[in-house]
(Lines of atoms letter the chains of each structure in order from A; the text may use other names.)
(Lines give C-alpha, C1' and ligand atoms only; values in the text may rest on other atoms or scores of the structure.)
Protein backbone atom coordinates (compact mmCIF):
# COMPACT_ATOMS: atom_id res chain seq x y z
CA UNK A 1 0.00 0.00 0.00
CA UNK A 2 1.40 3.43 -0.98
CA UNK A 3 1.91 6.25 1.54
CA UNK A 4 -0.89 8.17 -0.21
CA UNK A 5 -3.33 5.27 0.25
CA UNK A 6 -2.26 4.88 3.92
CA UNK A 7 -3.00 8.57 4.49
CA UNK A 8 -6.43 8.12 2.88
CA UNK A 9 -7.19 5.34 5.41
CA UNK A 10 -6.88 7.70 8.42
CA UNK A 11 -10.28 8.11 10.06
CA UNK A 12 -11.91 9.56 13.17
CA UNK A 13 -11.88 7.01 15.99
CA UNK A 14 -15.29 8.29 17.19
CA UNK A 15 -17.51 8.82 14.14
CA UNK A 16 -15.51 6.75 11.60
CA UNK A 17 -15.29 9.48 8.93
CA UNK A 18 -12.19 9.49 6.70
CA UNK A 19 -9.71 12.39 6.76
CA UNK A 20 -10.98 13.75 3.44
CA UNK A 21 -14.58 13.87 4.77
CA UNK A 22 -13.77 16.32 7.57
CA UNK A 23 -12.06 19.73 7.81
CA UNK A 24 -9.46 18.59 10.34
CA UNK A 25 -8.35 15.35 11.96
CA UNK A 26 -6.45 15.64 15.24
CA UNK A 27 -4.02 12.83 16.04
CA UNK A 28 -3.28 11.36 19.44
CA UNK A 29 -1.41 8.19 20.50
CA UNK A 30 -3.06 5.57 18.20
CA UNK A 31 -6.29 7.57 18.13
CA UNK A 32 -7.84 10.34 15.96
CA UNK A 33 -10.69 12.77 16.45
CA UNK A 34 -12.28 15.03 13.83
CA UNK A 35 -13.31 18.69 14.26
CA UNK A 36 -17.01 17.72 14.14
CA UNK A 37 -16.64 15.35 17.10
CA UNK A 38 -14.67 18.01 19.01
CA UNK A 39 -17.56 20.45 18.49
CA UNK A 40 -20.07 17.80 19.59
CA UNK A 41 -18.02 17.05 22.75
CA UNK A 42 -17.87 20.76 23.52
CA UNK A 43 -21.67 21.05 23.20
CA UNK A 44 -22.17 18.07 25.54
CA UNK A 45 -19.78 19.56 28.14
CA UNK A 46 -21.47 22.98 27.93
CA UNK A 47 -24.89 21.37 28.45
CA UNK A 48 -23.58 19.59 31.56
CA UNK A 49 -22.11 22.88 32.85
CA UNK A 50 -25.46 24.62 32.30
CA UNK A 51 -27.18 21.80 34.23
CA UNK A 52 -24.79 22.21 37.19
CA UNK A 53 -25.35 25.99 37.11
CA UNK A 54 -29.11 25.35 37.28
CA UNK A 55 -28.59 22.91 40.19
CA UNK A 56 -26.32 25.37 42.05
CA UNK A 57 -28.74 28.26 41.52
CA UNK A 58 -31.68 26.10 42.63
CA UNK A 59 -29.90 25.07 45.86
CA UNK A 60 -28.96 28.70 46.58
CA UNK A 61 -31.51 30.19 49.01
CA UNK A 62 -33.47 33.08 47.49
CA UNK A 63 -33.29 36.50 49.22
CA UNK A 64 -36.67 35.95 50.93
CA UNK A 65 -35.54 32.54 52.20
CA UNK A 66 -32.27 34.03 53.50
CA UNK A 67 -34.25 36.75 55.25
CA UNK A 68 -36.44 34.14 56.96
CA UNK A 69 -33.35 32.28 58.22
CA UNK A 70 -31.80 35.53 59.47
CA UNK A 71 -35.08 36.31 61.28
CA UNK A 72 -34.62 33.09 63.30
CA UNK A 73 -31.33 34.33 64.75
CA UNK A 74 -31.29 38.14 64.48
CA UNK A 75 -33.96 40.39 66.02
CA UNK A 76 -34.84 43.62 64.20
CA UNK A 77 -32.47 45.22 61.65
CA UNK A 78 -34.95 44.55 58.81
CA UNK A 79 -33.31 46.90 56.29
CA UNK A 80 -29.84 45.48 56.92
CA UNK A 81 -31.11 41.90 56.62
CA UNK A 82 -32.86 42.70 53.33
CA UNK A 83 -29.79 44.45 51.87
CA UNK A 84 -27.53 41.57 52.95
CA UNK A 85 -29.86 38.88 51.58
CA UNK A 86 -29.99 40.53 48.14
CA UNK A 87 -26.24 41.27 48.01
CA UNK A 88 -25.21 37.75 49.08
CA UNK A 89 -27.69 36.09 46.69
CA UNK A 90 -26.37 38.19 43.77
CA UNK A 91 -22.76 37.44 44.76
CA UNK A 92 -23.19 33.65 44.65
CA UNK A 93 -25.38 33.83 41.54
CA UNK A 94 -22.48 35.72 39.93
CA UNK A 95 -20.05 32.92 40.88
CA UNK A 96 -22.25 30.21 39.39
CA UNK A 97 -22.84 32.21 36.20
CA UNK A 98 -19.06 32.37 35.66
CA UNK A 99 -19.11 28.64 34.89
CA UNK A 100 -21.15 29.46 31.80
CA UNK A 101 -19.37 30.06 28.48
CA UNK A 102 -21.08 33.45 28.13
CA UNK A 103 -18.43 36.17 28.16
CA UNK A 104 -20.55 39.10 27.00
CA UNK A 105 -21.22 40.69 30.42
CA UNK A 106 -18.97 40.42 33.46
CA UNK A 107 -20.79 40.95 36.76
CA UNK A 108 -18.56 42.73 39.25
CA UNK A 109 -18.17 41.69 42.88
CA UNK A 110 -20.17 43.58 45.51
CA UNK A 111 -18.47 43.61 48.91
CA UNK A 112 -20.62 44.83 51.81
CA UNK A 113 -20.13 47.44 54.54
CA UNK A 114 -22.22 47.01 57.70
CA UNK A 115 -22.41 50.30 59.54
CA UNK A 116 -23.88 50.30 63.03
CA UNK A 117 -23.25 50.64 66.77
CA UNK A 118 -21.41 48.07 68.89
CA UNK A 119 -23.55 45.03 69.72
CA UNK A 120 -26.17 45.70 67.02
CA UNK A 121 -25.70 42.31 65.31
CA UNK A 122 -23.12 42.90 62.54
CA UNK A 123 -21.00 39.84 63.33
CA UNK A 124 -24.01 37.60 63.94
CA UNK A 125 -25.51 38.54 60.55
CA UNK A 126 -22.30 37.56 58.73
CA UNK A 127 -21.90 34.30 60.71
CA UNK A 128 -25.53 33.29 60.12
CA UNK A 129 -25.26 33.90 56.37
CA UNK A 130 -22.09 31.79 56.10
CA UNK A 131 -23.76 28.95 58.05
CA UNK A 132 -26.89 29.19 55.88
CA UNK A 133 -24.88 28.95 52.65
CA UNK A 134 -22.56 26.26 54.07
CA UNK A 135 -19.43 28.14 52.99
CA UNK A 136 -16.15 28.66 54.88
CA UNK A 137 -16.21 31.70 57.16
CA UNK A 138 -13.36 33.64 58.72
CA UNK A 139 -13.34 36.62 61.06
CA UNK A 140 -10.65 39.22 61.53
CA UNK A 141 -10.19 42.36 63.58
CA UNK A 142 -8.93 45.33 61.58
CA UNK A 143 -7.19 46.77 64.66
CA UNK A 144 -4.59 43.97 64.60
CA UNK A 145 -3.65 44.57 60.95
CA UNK A 146 -0.62 46.57 59.83
CA UNK A 147 1.07 47.26 56.53
CA UNK A 148 3.53 44.55 55.38
CA UNK A 149 6.92 44.85 57.05
CA UNK A 150 5.65 46.31 60.34
CA UNK A 151 4.81 44.72 63.69
CA UNK A 152 1.29 43.27 63.53
CA UNK A 153 -0.67 40.97 61.23
CA UNK A 154 -0.35 41.01 57.43
CA UNK A 155 -3.63 41.08 55.51
CA UNK A 156 -2.70 37.68 54.00
CA UNK A 157 -3.19 36.13 57.46
CA UNK A 158 -6.93 36.82 57.08
CA UNK A 159 -6.89 34.58 54.00
CA UNK A 160 -5.05 31.88 55.97
CA UNK A 161 -7.93 31.84 58.49
CA UNK A 162 -10.35 31.27 55.61
CA UNK A 163 -8.20 28.46 54.19
CA UNK A 164 -8.06 26.85 57.64
CA UNK A 165 -11.86 27.13 57.94
CA UNK A 166 -12.10 25.26 54.62
CA UNK A 167 -9.74 22.49 55.90
CA UNK A 168 -7.10 23.71 53.43
CA UNK A 169 -9.43 23.07 50.47
CA UNK A 170 -8.39 26.11 48.38
CA UNK A 171 -11.24 25.77 45.87
CA UNK A 172 -13.77 25.78 48.71
CA UNK A 173 -12.03 28.70 50.44
CA UNK A 174 -12.24 30.74 47.22
CA UNK A 175 -16.05 30.80 47.61
CA UNK A 176 -16.01 31.71 51.30
CA UNK A 177 -16.97 34.77 53.33
CA UNK A 178 -14.56 36.96 55.32
CA UNK A 179 -15.88 39.34 57.97
CA UNK A 180 -13.51 42.14 59.03
CA UNK A 181 -14.70 43.89 62.17
CA UNK A 182 -13.83 47.38 63.39
CA UNK A 183 -12.96 48.53 59.88
CA UNK A 184 -13.46 52.12 61.04
CA UNK A 185 -10.32 51.77 63.17
CA UNK A 186 -8.13 51.76 60.04
CA UNK A 187 -9.41 55.16 58.93
CA UNK A 188 -6.76 57.61 57.83
CA UNK A 189 -5.59 59.77 60.71
CA UNK A 190 -6.41 62.93 58.74
CA UNK A 191 -8.58 63.72 55.74
CA UNK A 192 -5.53 64.79 53.71
CA UNK A 193 -2.89 62.29 52.54
CA UNK A 194 -0.07 62.11 55.07
CA UNK A 195 3.63 62.54 54.33
CA UNK A 196 4.54 60.25 57.24
CA UNK A 197 3.77 56.52 57.08
CA UNK A 198 0.36 55.56 58.49
CA UNK A 199 1.01 51.80 58.86
CA UNK A 200 -2.15 50.90 60.77
CA UNK A 201 -4.53 53.25 58.91
CA UNK A 202 -4.14 54.19 55.26
CA UNK A 203 -1.37 51.60 54.86
CA UNK A 204 -3.76 48.78 55.82
CA UNK A 205 -6.48 50.15 53.53
CA UNK A 206 -3.99 50.09 50.64
CA UNK A 207 -2.96 46.52 51.53
CA UNK A 208 -6.60 45.37 51.62
CA UNK A 209 -7.48 46.90 48.23
CA UNK A 210 -6.16 44.06 46.06
CA UNK A 211 -7.73 41.21 48.02
CA UNK A 212 -11.07 43.07 48.17
CA UNK A 213 -11.17 43.48 44.41
CA UNK A 214 -9.75 40.09 43.52
CA UNK A 215 -6.17 38.89 43.22
CA UNK A 216 -4.12 35.71 43.46
CA UNK A 217 -2.52 36.10 46.88
CA UNK A 218 0.46 34.20 48.31
CA UNK A 219 -0.40 33.04 51.82
CA UNK A 220 2.21 31.67 54.28
CA UNK A 221 0.81 28.26 55.37
CA UNK A 222 2.00 28.68 58.96
CA UNK A 223 0.94 32.32 59.24
CA UNK A 224 3.26 35.07 60.39
CA UNK A 225 5.57 37.04 58.15
CA UNK A 226 6.62 36.01 54.66
CA UNK A 227 10.21 34.96 54.01
CA UNK A 228 11.69 33.95 50.64
CA UNK A 229 12.48 30.31 51.48
CA UNK A 230 8.98 29.14 52.44
CA UNK A 231 6.27 27.60 50.29
CA UNK A 232 3.13 29.66 49.74
CA UNK A 233 -0.53 28.74 49.34
CA UNK A 234 -2.07 30.52 46.35
CA UNK A 235 -5.68 31.70 46.68
CA UNK A 236 -7.74 33.71 44.21
CA UNK A 237 -9.93 36.20 46.10
CA UNK A 238 -12.08 37.15 43.09
CA UNK A 239 -15.04 35.17 44.44
CA UNK A 240 -14.42 35.67 48.17
CA UNK A 241 -17.16 37.85 49.66
CA UNK A 242 -15.88 40.48 52.08
CA UNK A 243 -18.27 41.87 54.70
CA UNK A 244 -16.80 44.80 56.59
CA UNK A 245 -18.26 46.06 59.85
CA UNK A 246 -17.70 49.16 61.93
CA UNK A 247 -19.34 51.45 64.48
CA UNK A 248 -17.83 54.58 62.86
CA UNK A 249 -18.02 56.57 66.07
CA UNK A 250 -18.18 60.29 65.20
CA UNK A 251 -19.54 59.79 61.67
CA UNK A 252 -22.87 61.28 62.81
CA UNK A 253 -21.15 64.66 63.26
CA UNK A 254 -19.86 64.57 59.67
CA UNK A 255 -23.35 63.73 58.33
CA UNK A 256 -24.92 66.51 60.41
CA UNK A 257 -22.30 69.02 59.30
CA UNK A 258 -23.01 68.18 55.66
CA UNK A 259 -26.71 68.79 56.30
CA UNK A 260 -27.76 65.15 56.21
CA UNK A 261 -29.72 65.81 59.39
CA UNK A 262 -31.42 69.12 60.19
CA UNK A 263 -30.23 69.47 63.77
CA UNK A 264 -27.78 72.30 63.18
CA UNK A 265 -28.29 76.02 62.72
CA UNK A 266 -29.98 78.76 64.71
CA UNK A 267 -32.80 77.45 66.86
CA UNK A 268 -31.82 73.82 66.24
CA UNK A 269 -32.13 71.46 69.18
CA UNK A 270 -28.73 70.16 70.23
CA UNK A 271 -29.03 66.46 71.00
CA UNK A 272 -26.64 64.20 72.83
CA UNK A 273 -25.38 61.05 71.11
CA UNK A 274 -27.80 58.92 73.15
CA UNK A 275 -30.76 61.04 72.03
CA UNK A 276 -29.79 60.85 68.35
CA UNK A 277 -31.28 58.03 66.28
CA UNK A 278 -27.95 56.88 64.87
CA UNK A 279 -29.58 54.20 62.70
CA UNK A 280 -31.72 56.72 60.82
CA UNK A 281 -28.85 59.21 60.63
CA UNK A 282 -26.44 56.58 59.24
CA UNK A 283 -28.98 55.77 56.50
CA UNK A 284 -28.14 59.20 55.04
CA UNK A 285 -24.41 58.45 54.80
CA UNK A 286 -22.73 59.27 51.47
CA UNK A 287 -19.32 58.20 50.11
CA UNK A 288 -18.06 61.75 50.77
CA UNK A 289 -18.85 61.29 54.50
CA UNK A 290 -16.73 58.11 54.65
CA UNK A 291 -13.97 59.97 52.78
CA UNK A 292 -13.98 62.73 55.41
CA UNK A 293 -13.95 60.08 58.13
CA UNK A 294 -10.66 58.77 56.72
CA UNK A 295 -11.58 55.96 54.31
CA UNK A 296 -9.60 56.38 51.07
CA UNK A 297 -11.57 56.74 47.76
CA UNK A 298 -10.24 53.47 46.26
CA UNK A 299 -11.39 51.56 49.34
CA UNK A 300 -14.87 53.12 49.21
CA UNK A 301 -15.11 52.08 45.56
CA UNK A 302 -14.63 48.42 46.47
CA UNK A 303 -17.52 48.29 48.96
CA UNK A 304 -20.57 49.28 46.85
CA UNK A 305 -23.20 47.75 49.17
CA UNK A 306 -23.86 49.71 52.37
CA UNK A 307 -26.25 48.41 55.05
CA UNK A 308 -26.95 50.35 58.24
CA UNK A 309 -27.97 48.83 61.58
CA UNK A 310 -30.02 50.55 64.26
CA UNK A 311 -29.17 51.01 67.92
CA UNK A 312 -30.99 48.27 69.85
CA UNK A 313 -33.48 49.57 72.42
CA UNK A 314 -34.66 47.90 75.64
CA UNK A 315 -37.54 46.00 74.00
CA UNK A 316 -35.29 44.69 71.21
CA UNK A 317 -32.73 43.45 73.75
CA UNK A 318 -35.49 41.68 75.70
CA UNK A 319 -36.56 39.94 72.48
CA UNK A 320 -32.94 38.97 71.78
CA UNK A 321 -32.75 37.36 75.23
CA UNK A 322 -35.79 35.16 74.57
CA UNK A 323 -36.82 34.75 70.93
CA UNK A 324 -33.98 33.65 68.59
CA UNK A 325 -33.35 29.93 68.09
CA UNK A 326 -30.18 30.14 70.18
CA UNK A 327 -31.44 32.82 72.60
CA UNK A 328 -29.48 33.19 75.84
CA UNK A 329 -32.48 32.35 78.05
CA UNK A 330 -33.01 29.11 76.07
CA UNK A 331 -29.32 28.24 76.41
CA UNK A 332 -29.27 28.69 80.20
CA UNK A 333 -32.56 26.81 80.57
CA UNK A 334 -31.00 23.92 78.64
CA UNK A 335 -27.88 23.98 80.83
CA UNK A 336 -29.93 23.68 84.03
CA UNK A 337 -32.27 21.16 82.43
CA UNK A 338 -29.24 18.85 82.08
CA UNK A 339 -29.06 18.94 85.90
CA UNK A 340 -32.82 18.25 86.06
CA UNK A 341 -33.53 21.80 87.28
CA UNK A 342 -36.09 24.22 85.87
CA UNK A 343 -35.04 27.84 85.20
CA UNK A 344 -37.34 30.85 85.08
CA UNK A 345 -36.54 34.49 84.28
CA UNK A 346 -39.06 37.02 85.58
CA UNK A 347 -39.96 39.79 83.13
CA UNK A 348 -38.49 42.38 85.50
CA UNK A 349 -35.20 40.47 85.47
CA UNK A 350 -35.06 40.44 81.66
CA UNK A 351 -35.77 44.17 81.52
CA UNK A 352 -33.07 44.83 84.14
CA UNK A 353 -30.54 42.83 82.06
CA UNK A 354 -31.48 44.84 78.94
CA UNK A 355 -31.12 48.13 80.85
CA UNK A 356 -27.65 47.14 82.10
CA UNK A 357 -26.52 46.37 78.53
CA UNK A 358 -27.73 49.80 77.38
CA UNK A 359 -26.00 51.54 80.31
CA UNK A 360 -22.74 49.77 79.47
CA UNK A 361 -23.18 50.67 75.77
CA UNK A 362 -22.44 47.05 74.78
CA UNK A 363 -25.70 46.24 72.97
CA UNK A 364 -26.56 42.57 72.44
CA UNK A 365 -22.89 41.61 72.79
CA UNK A 366 -22.92 42.46 76.51
CA UNK A 367 -26.00 40.39 77.41
CA UNK A 368 -24.11 37.14 77.96
CA UNK A 369 -21.62 38.60 80.45
CA UNK A 370 -24.49 40.13 82.47
CA UNK A 371 -26.47 36.86 82.57
CA UNK A 372 -23.29 34.91 83.36
CA UNK A 373 -22.49 37.09 86.38
CA UNK A 374 -26.10 36.80 87.64
CA UNK A 375 -26.09 33.00 87.26
CA UNK A 376 -22.52 32.30 88.46
CA UNK A 377 -23.24 31.41 92.13
CA UNK A 378 -26.36 29.42 91.23
CA UNK A 379 -24.57 27.41 88.54
CA UNK A 380 -21.77 26.71 91.00
CA UNK A 381 -24.27 25.42 93.58
CA UNK A 382 -26.82 23.48 91.48
CA UNK A 383 -24.71 20.52 90.23
CA UNK A 384 -23.74 19.55 93.81
CA UNK A 385 -27.34 19.37 95.08
CA UNK A 386 -30.06 16.94 94.06
CA UNK A 387 -32.90 18.59 96.00
CA UNK A 388 -33.25 21.71 93.78
CA UNK A 389 -36.41 21.82 91.70
CA UNK A 390 -36.37 25.32 90.23
CA UNK A 391 -34.30 28.53 89.98
CA UNK A 392 -36.03 31.91 89.57
CA UNK A 393 -34.03 34.93 88.36
CA UNK A 394 -35.59 38.10 89.78
CA UNK A 395 -35.10 41.79 89.05
CA UNK A 396 -33.42 42.19 92.44
CA UNK A 397 -30.89 39.44 91.70
CA UNK A 398 -29.89 41.30 88.51
CA UNK A 399 -29.63 44.76 90.08
CA UNK A 400 -28.01 43.82 93.41
CA UNK A 401 -24.75 41.87 93.48
CA UNK A 402 -25.42 40.53 96.98
CA UNK A 403 -28.77 38.94 95.97
CA UNK A 404 -28.79 35.56 94.22
CA UNK A 405 -31.65 34.04 92.18
CA UNK A 406 -34.33 32.27 94.24
CA UNK A 407 -33.80 28.52 94.66
CA UNK A 408 -36.95 26.40 95.05
CA UNK A 409 -36.36 23.00 96.67
CA UNK A 410 -38.30 19.89 95.68
CA UNK A 411 -39.94 19.42 99.10
CA UNK A 412 -40.88 23.15 99.26
CA UNK A 413 -42.84 22.92 96.02
CA UNK A 414 -44.58 19.74 97.15
CA UNK A 415 -45.69 21.31 100.47
CA UNK A 416 -46.97 24.40 98.62
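Placement of Cβ uses the backbone N, Cα and C atoms for every residue, glycine included.
Taken from Swiss-Prot, the feature domain 'ClpX-type ZB' covers 1-53, and the record attributes it to sequence analysis. According to Swiss-Prot, the Zn(2+) binding site annotation covers 12, 15, 34, 37. Residues annotated as ATP binding site in Swiss-Prot, with sequence analysis given as evidence: 117, 118, 119, 120, 121, 122, 123, 124.
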Quiz prompt | Residues within 8 Å of the 117, 118, 119, 120, 121, 122, 123, 124 Cβ centre (excluding the ATP site residues themselves) | solution = 116, 245, 309, 363, 364, 365
Exercise. Return the member of 117, 121, 122 nearest to residue 15 (Zn(2+) binding site) in space, with distance defined Cα to Cα and candidates limited to these binding-site residues.
Key: 122
Self-check item: Intrachain C-beta neighbours of residue 121 (ATP binding site), sequence separation six or more, cut-off 8 angstroms
Solution: 74, 75, 76, 77, 80, 309, 312, 363, 364
Quiz item: Least buried of the binding-site residues 12, 15, 34, 37, 124, going by other Cβ atoms within 10 Å?
Solution: 15
Exercise. For the recorded Zn(2+) site, enumerate neighbouring residues of the same chain (Cβ within 8 Å of the Cβ centroid of 12, 15, 34, 37, site residues themselves excluded), in sequence order.
Key: 11, 13, 14, 16, 17, 22, 25, 32, 33, 35, 36, 38
Self-check item: Cα separation, residue 12 (Zn(2+) binding site) to residue 117 (ATP binding site) (Å, whole number)
Solution: 68
Quiz item: What is the total of other Cβ atoms whose distance to the Cβ of residue 120 (ATP binding site) is within 10 Å?
Solution: 28
Self-check item: Residue, out of the binding-site residues 117, 119, whose Cβ gathers the largest set of other Cβ atoms within 10 Å
Solution: 119
